[in-house]
């Protein structure tokens, strides 16, 4: 008997990427709830962007003045090779033309941001794996859709509280790191629940495409910045698009718009968050203050999560 149970658990875990789990008992899953858990990405991840768009540091002149007061050699970069280096190796090369700050400091900031981002994504993968590979947790949420919705609503409220706290405590180390970790875990729980109601094969496909798109857009933005391109103009358009997208996502939860329209909205959302990846990466390269590493990593994290969720929605609708 024990051997049979052990074998059954092994089978559930090994078949995660191959079993179709989109079908659930109708008595447990209403159409609107299905839209929220399976098709529509949680609006809480969209709403968090609004909070931080107004918090971004858009004052490069202030940053330059601050750096010049610390290093009098700034402003003479055109006449010397004081800030030379290999940009591909990240050892101090100029990130963009007419760079009026120490590239080594900016590179250190960038490495810190992407290190934190990597940690966040690893936490998300771990939490999502727990939700999908532990049979007790998986079966509980698959057969208790109301409990799943309640957990997601609770996570949304918790995220808003954490964001409010981070707004005032972003410079309080290590409290800011703890809040970021708490926010990441809360978001990861939502991701895990969404993955429970999706096919494992589709989850893997969406994850792979998300990683490839993020890497491609990141490399492109660094290359474009080196060539002198600036993407700051995207801010107002992305903000307006995000507002419209947020409204449609909320409507879709209570009034399902149908698979075709849902797919169209998801495709538009993918374009929007691809734009956000470029926009936020450009801000990390040029505009964020060195103390804003928590905000910078969180914004990129939200871009990746939203991109993954909308890709998962598209793949689910097309299956």
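Positions of Cβ are set from backbone N, Cα and C atoms, glycine also.
TrEMBL does not curate its annotations; it predicts them automatically.
If you look up TrEMBL, you'll see 113-135 (among others) marked as transmembrane segment. Residues 9, 12-13, 16, 141, 180-181, 184-185, 187-189, 191-193, 195-196, 200, 203, 284, 293-294, 296-298, 300-301, 304-305 of the same chain, all 6+ positions outside the transmembrane segment (113-135), place their C-beta atoms under 8 angstroms from a C-beta of that stretch.
Residues annotated as transmembrane segment in TrEMBL: 147-169 (among others).
The transmembrane segment annotation in TrEMBL covers 176-200 (among others).
Residues annotated as transmembrane segment in TrEMBL: 206-225 (among others).
The annotation transmembrane segment is assigned in TrEMBL to 237-255 (among others).
Annotated transmembrane segment per TrEMBL: 261-281 (among others), in sequence order.
Summarising the annotation, TrEMBL assigns transmembrane segment to 293-315 (among others).
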I'm a bit unsure how to read this: which one of 176-200, 206-225, 261-281 has the highest number of Cβ pairs shorter than 8 Å with the transmembrane segment (293-315)? 261-281
Intrachain residues whose Cβ lies under 8 Å of the transmembrane segment (261-281), provided they are six or more past its termini: 35, 39-41, 49, 213-214, 217-218, 220-222, 231-232, 234-235, 237-238, 241-242, 245, 248-249, 252, 296, 299-300, 303-304, 306-307, 310-311, 313-314, 317-318
